[in-house]
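One structure below.
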Amino acid sequence: IAKEVAKLLEMKAELGADEGKHKFVLKTPKGTRDFGPKEMAIRERAFRAIIACFKRHGAEVIDTPVFELKETLTGKYGEDSKLIYDLKDQGGELLSLRYDLTVPFARYLAMNKITNIKRYHIAKVYRRDNPAMTRGRYREFYQCDFDIAGQFDPMIPDAECLKIVHEILSDLQLGDFVIKVNDRRILDGMFAVCGVPDSKFRTICSSVDKLDKVPWEEVRSEMVGEKGLSPEAADHIGEYVQLHGGLDLIERLLRDPKLSQNKLAREGLGDMKLLFEYLRLFGITGKISFDLSLARGLDYYTGVIFEAVLLQQDPEHGEEPLSVGSVAGGGRYDGLVGMFDPKGRKVPCVGVSIGIERIFSILEQRLEAAEEKIRTTETQVLVASAQKKLLEERLKLISELWDAGIKAEILYKKNPKLLNQLQYCEDTGIPLVAIVGEQELKDGVVKLRIVATREEVNVRRESLVEEIRIRTSQC
């Protein structure tokens with residue numbers, strides 16, 4: 001034993017030399033990423049535009065915990081439920097990370113007995129998905145949601161949600177887009193007249209939802225081969241789901257001998273017609289397509305569903321524009337709050353979620369291609385000096401500027417060279433330099449230099465704040 005112990009002690013001594021030098025694997029977890037100042041500047045710009053739009057439409061803001069009780073999320077997402085992140089038992093509570101912002105919103109409404117609210121919520125959500133980072137598909141990502149809850153006349157809130165999507169995508173200048181709309185009732189009615197058994201509605205719905213990514217033949221073989229649907233029913237569905245258009249298509253389907261006999265489909269088509277009337281008044285029907293292949297896989301949708309897709313025009317052949325992915329989606333979910341309410345009281349809701357991660361990756365790629373210089377700070381002025389021993393004066397002046405709400409910086413050196421200070425402004429995009437020197441101090445002025453033009457003007461110290469405000473508002 002003594003021999004073995006000695007051997008082990010010897011080994012320990014050898015290993016001891018490396019103690020405290022644990023080698024870390026320096027990487028972010030799969031499906032996540034860090035965002036540096038440049039990326040965050042792009043993100044903040046997009047968030048500002050989106051929040052401005054939500055506020056323009058009168059929304060209040062809420063926040064909810066990043067995790068919910070597991071039972072709150074269970075059974076709300078259909079086939080996607082397997083993507084929920086479950087956490088270990090925490091003091092007797094089984095918890096899961098939120099999968100979206102809609103189910104927590106419904107829980108919030110039911111818990112607080114709220115029957116009427118227009119809200120937005122911007123926060124991170126989590127999905128145990130197979131990440132495709134290049135396409136903006138992550139395991140941790142932001143969602144930007146806008147929802148209207150309450151009992152209102154049909155299709156007015158729904159039309160506003162579509163108007164919001166149109167405003168945001170136009171404002172962010174992402175290129176050409178189309179907003180596809182459909183209705184769960186039209187889909188369910190279509191499945192019924194095509195001979196799909198009730199028990200297969202949701203699973204067939206999730207197959208149809210793949211039509212924007214894979215051709216009809218593949219979807220058909222999944223329905224028949226994997227999901228046991230009869231070939232006749234699948235072919236019948238195929239006749240409908242390849243249709244898309246506008247008001248004319250709605251009129252045509254209202255006269256369809258089979259669909260018009262189905263109560264659900266008739267209701268859905270009636271509301272769709274009304275929706276298009278409102279969208280025409282908003283002046284946005286040019287970007288809206290009534291598309292029978294749109295299914296959206298989530299289980300909680302009950303009425304209108306929609307998805308905004310960016311288009312990439314084929315410049316060579318002028319062919320049908322190609323879709324480059326969904327950047328917003330949403331719909332009506334009238335039954336979700338009732339699932340949480342102890343008395344089953346329903347609160348009708350309609351909402352939209354902006355696919356902000358995909359938008360970010362498009363904006364990042366675009367700015368990279370344009371080689372545009374992105375400012376990562378909002379500093380308006382650098383307080384500088386041309387001579388030595390003026391640190392105290394610089395600190396006094398910058399303090400005055402900060403107190404007046406001006407965004408200002410100094411270099412953290414006692415006696416920086418003027419050239420280095422000017423170079424710092426060039427590198428970071430600071431538009432103005434406030435230079436203090438002995439002569440300026442005697443005269444009660446500050447020399448204000450405009451970095452872009454190199455023009456210099458003497459400004460009275462008491463007028464400096466106002467002058468900086470005026471000049472930076474023009475930048």
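We count from 1, first residue shown onward.
Backbone N, Cα and C atoms are what each Cβ position is placed from, and that goes for glycine too.
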Among 24-51, 360-387, 416-443, 444-471, TrEMBL lists coiled coil at 360-387
On the 0 to 100 scale, where does the mean pLDDT of the domain 'Aminoacyl-transfer RNA synthetases class-II family profile' (31-363) fall? 88
Give the maximum pairwise CA distance in Å, whole number, for the residues Asp100, Leu101, Thr102, Arg127, Gln143, Asp147, Arg296, Tyr300, Tyr301 listed as binding L-histidine. 21
Just going by other Cβ atoms within 10 Å, which of the binding-site residues Thr102, Gln143 has the emptiest spot? Gln143
